[in-house]
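Chemist: Pulled these features from TrEMBL for this protein:
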- Asp74: active site, nucleophile (ACT_SITE)
- Asp76: active site, proton donor (ACT_SITE)
- 1-20: signal peptide (SIGNAL)
Amino acid sequence: MSRLNKSLFGLVAISASTSATSVGNSSVMPQLPLLVSHSASSSATTISNKTADRTKRVAEAKEIIRAADIVCFDVDSTVIQEEGIDELAEYCGKGQEVANLTREAMGGTMTFQEALRRRLDIIKPSQKQIRDFLRTTPSTLSPGINEFIQHLKNENKKVYFISGGFHSLIDPVAQELGIPLTNLFANKLWFDYKGNYGGFDVNQPTSRSGGKGEAITQIRNFNSSQLQANTQSKIVMIGDGATDLESSPPADYFIGYGGNVVRESVRERAQYFVTDFMQLM
Ligand SMILES: [Mg+2]
């Protein structure tokens, strides 16, 4: 039984075999049709489209958000439409090499941190390349994310970003959305005095397997100390990837997001799955 089964609503079994479905962005994952294509004239499509609906328990997910104190977001393919490291690799002319390594890493032959190290060793991004990359290739916010985050803030919920990506790429996104950088967990790149790539901070929880869960625990502990005794914040994690799903527990709930890419293994295991942030408002 999945460890997620202990949450309120049990698990819906959905059979699926593919690993990922791209939804309108330049994902390296194999593409599959997301929705049954239909013509406007066909009245029968209403039913067939329902069978192709990628969402799971949207009404309950919305209720979970309503009751949450803290909402945490993954960033790549969740808050933004791209995968930052893949885009940076492409920009530095190392897209194919990094894609090959990512494929190898997905086979489970290396730890998360080793995969990160090897990808960065291929890209070796300099400070200048990152500056130029940010200027020429700005991230694209996912549809509705700005409205959803403003909605959460208006409801007095705390918002955090937890990313396996890099501060230097994600800080501008957080600033654009009004998220304080103290509410952002991500990896830190190091540079030498000439601005050449010099490694990354292996002490950041987000640089290792299970790190997003560690970040959630830190967030819980920090916020619990601000609450009355015996009061615990309800924390929800939202994301597209396996590491997001695996951060619950310690997050109280995980809501899968498939607005940019649907990773079938995540959708299968997630109890709640949405494809549009507007579904949660
Ligand atoms: Mg992601």
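Cβ atoms here come from the backbone N, Cα and C positions, even for glycine.
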Chemist: Only counting partners 6 or more residues apart, tell me which same-chain residues put their Cβ under 8 Å from the Cβ of Asp76 (active site, proton donor).
Modeler: Glu82, Glu83, Gly84, Ile85, Ser163, Gly164, Gly165, Asp240, Gly241
Chemist: Report the same-chain neighbours of Asp74 (active site, nucleophile): residues 6+ apart in sequence with Cβ closer than 8 Å to its Cβ, ordered by sequence.
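Modeler: Phe161, Ile162, Ser163, Lys212, Met237, Ile238, Gly239, Asp240, Gly241, Thr243, Asp244, Tyr257 - these are the non-local Cβ neighbours of Asp74 (active site, nucleophile), listed in sequence order.
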